[in-house]
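*Asks:* Quick paste from Swiss-Prot:
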type: BINDING; residues: GLY115, THR116, HIS117, GLY118, LYS119, THR120, THR121; note: ATP binding site
Amino acid sequence: MRALPLSIGTIHFVGIGGIGMSGIAEVLHMLGYAVQGSDIAENANVQRLRAAGITVAIGHDAANLGAAQVVVTSTAVRRDNPEVVAARARLIPVVRRAEMLAELMRLRWAVAVGGTHGKTTTTSLIAAVLEAARLDPTVINGGIIEAYGTNTRMGSGDWMVVEADESDGSFLRLPSVITVVTNMDPEHLDHWGTAEAMQAAYDQFVSNIPFYGFAVLCIDHPAVQQMIPRLSDHRIVTYGFSPQADIRAEKVITDKLGATFEVVVTNRNRNRTRRAGPFRLPMLGHHNVQNALAAIAVGVEMDIDDATLRSAFAGFRGVKRRFTRTGETGGITVIDDYGHHPVEIAAVLKAARQAGARDVIAVVQPHRYSRLQTLFGEFCTCMNDAGTVIVADVYAAGEAPIPGVDRDALVEGLRERGHRSVVPLPDPEHLAEMVHAIARPGDFVVCLGAGSITNWAQALPGQLAALQNPAAARKGECAA
């Protein structure tokens with residue numbers, strides 16, 4: 001990989017423990033740059049960066065800058081952060097996370113994956129395809145890729161695959177040769193204001209590709225399909241289950257471990273159609289078949305053969321917190337999933353049904369008051385595949401509470417719309433007892449949310465085991 005053209009000194013990341021920030025910091029460190037950072041609290045990303053040799057301070061203080069010559073911030077960092085204030089006072093350049101990512105992307109041919117849902121998994125699948133094709137890509141993802149144990153991969157090849165964050169409009173800065181749009185549902189309207197403004201930004205995201213690049217669009221999603229006539233000057237490849245898709249899935253067979261499917265590949269320019277597959281994807285849900293189709297579309301356009309595509313999918317180990325099994329006890333399976341938008345929640349619960357669950361118990365921690373308020377109706381109708389819904393308090397993520405937008409409002413909204421079994425979670429400490437009283441062998445307990453619920457999902461199997469066999473639990477305590 002080429003380096004940035006000038007010596008830029010020590011790079012300081014404010015909020016280095018964030019998933020996006022940590023990935024960029026790790027790649028810069030692997031490129032040989034001096035990298036350091038700070039965050040408000042310890043987390044797994046901070047520990048991983050320290051293990052890689054990057055100094056991370058806990059807490060924000062002007063003294064943390066040290067000899068830094070560049071400061072990188074994310075949208076979560078306020079302008080009055082003491083490190084940012086000190087950097088500006090010392091005339092140190094303050095760079096947004098997306099700007100730094102864009103500079104890294106200029107050093108490679110880049111694939112940028114955007115969309116409301118499925119970005120992280122699709123980014124990981126495309127990375128797996130390029131890696132299987134021995135293109136040795138660099139990867140910066142928005143989630144932990146199980147095969148890497150991190151959200152980054154430093155490759156020596158010409159290609160880079162990145163997840164593009166649309167939440168603050170920063171994805172418009174990213175210079176890519178290939179763009180992917182998985183879907184487009186109303187989200188982050190606190191930034192965009194209207195769905196129309198968000199859609200216009202996606203149009204620009206795709207329009208930024210050069211004439212020799214191409215866009216990969218999910219035609220199954222109506223808002224994405226509506227983009228096609230507006231982007232007629234660009235090369236477009238569509239994918240999905242629709243008969244109109246250029247890369248179309250057929251004969252999808254699902255089981256408890258994943259899906260098998262065939263693909264019809266249509267080349268509109270040459271008026272040719274061929275069949276490919278079957279492909280085996282060790283992931284549950286039709287939404288993940290769609291994600292795989294996006295990776296196939298990229299692979300086909302890059303002349304990667306079908307055998308390589310099959311190999312990439314067969315060995316795919318998934319992404320952390322995407323339908324991740326944290327344990328099984330007494331025949332009850334506990335799942336941890338990042339899903340926090342109604343569309344994601346519905347897809348995950350449907351996947352649990354497809355996996356053969358006797359019944360599905362959803363434990364939902366709404367993420368942000370503003371999201372719950374904006375999408376309240378959708379939240380109240382997205383959980384029909386769960387036999388029982390346990391609703392936790394809203395994870396604020398730094399937001400102030402909004403009157404009337406809370407756990408109890410969601411519980412009432414679900415009940416009013418006909419859900420027969422919805423209960424509030426009084427406190428996380430009561431979760432295991434509640435699940436123990438409800439769950440039966442063969443059930444899936446699906447913990448959903450982008451906040452602290454992941455910690456509950458990790459602890460729940462052990463807590464259930466202790467409740468199922470209290471004598472063994474007491475014996476273990478005595479031995480300790």
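Keep in mind that glycine also has a Cβ here, set from the backbone N, Cα and C atoms.
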*Asks:* Within 8 Å of the centroid of the Cβ atoms of GLY115, THR116, HIS117, GLY118, LYS119, THR120, THR121, which other residues of that chain place their own Cβ, given that this set defines the recorded ATP site?
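*Replies:* Everything else in range on the chain: VAL113, THR122, THR182, ASN183, ASN291.
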*Asks:* Quick one: what's DSSP say for THR121 (ATP binding site), helix, strand or coil?
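*Replies:* Reduced to three states, the DSSP call for THR121 (ATP binding site) is helix.
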*Asks:* For GLY115 (ATP binding site), what is the secondary structure state per DSSP, taken as helix, strand or coil?
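*Replies:* DSSP assigns GLY115 (ATP binding site) to coil.
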*Asks:* Where among the binding-site residues THR120, THR121 do you find the Cβ with the fewest other Cβ atoms within 10 Å?
*Replies:* THR120
*Asks:* In sequence order, what residues of the same chain, 6+ apart, have a Cβ less than 8 Å from the Cβ of THR116 (ATP binding site)?
*Replies:* GLU166, THR182, ASN183, MET184, ASP185, GLU187, HIS341, VAL343
*Asks:* Sorted by position, what residues of the same chain at least six away from GLY115 (ATP binding site) have a C-beta under 8 A from it?
*Replies:* THR122, GLU166, VAL180, VAL181, THR182, ASN183, MET184, CYS218
*Asks:* Which number gives the other C-beta atoms within 10 angstroms of the C-beta of GLY118 (ATP binding site), all protein chains shown included?
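*Replies:* There are 23 of them.
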*Asks:* For LYS119 (ATP binding site), list the number of other Cβ atoms lying within 10 Å of its Cβ atom.
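*Replies:* There are 26 such Cβ atoms around LYS119 (ATP binding site).
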*Asks:* Within its own chain, what residues at least 6 apart in sequence put their Cβ under 8 Å from the Cβ of HIS117 (ATP binding site), listed in sequence order?
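*Replies:* Spatial neighbours, sequence-distant, of HIS117 (ATP binding site): THR182, ASN183, ASP185, HIS287, HIS341, VAL343, GLU344, ALA347.
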